[in-house]
């Protein structure tokens, strides 16, 4: 899987490629983008942005496990969980 190196938007091509070649679960834990002192959260990706991106990954069949890393907050994780809860995980 992928963890923290990039925000969700930049992880998409890597998630797609992993989903094509991995014979195991694919986990995606993006960070919340680059630090941004002008943002209310200190990072560019809000919970709504991150969860919408991970929803698209899940709907595309790229992931089995979704979460967040640096810069994500409990509201990010809740938004991700709520958004992907009804989407079937990627088939192995």
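Even glycines carry a Cβ here, placed using N, Cα and C.
Features as listed in TrEMBL:
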- 1-84: domain 'Hcy-binding' (DOMAIN)
- 4, 69, 70: Zn(2+) binding site (BINDING)
Exercise. Which chain neighbours of the Zn(2+) site, leaving out 4, 69, 70, have a Cβ atom within 8 Å of the mean position of the site's Cβ atoms?
Worked result: 3, 5, 29, 30, 31, 32, 68, 71, 72
Exercise. Across all chains shown, how many C-beta atoms besides its own are within 10 angstroms of the C-beta of residue 69 (Zn(2+) binding site)?
Worked result: 17
For this session: Please list, for the domain 'Hcy-binding' (1-84), how many residues fall into helix, strand and coil according to DSSP.
Result: 38 helix, 15 strand, 31 coil
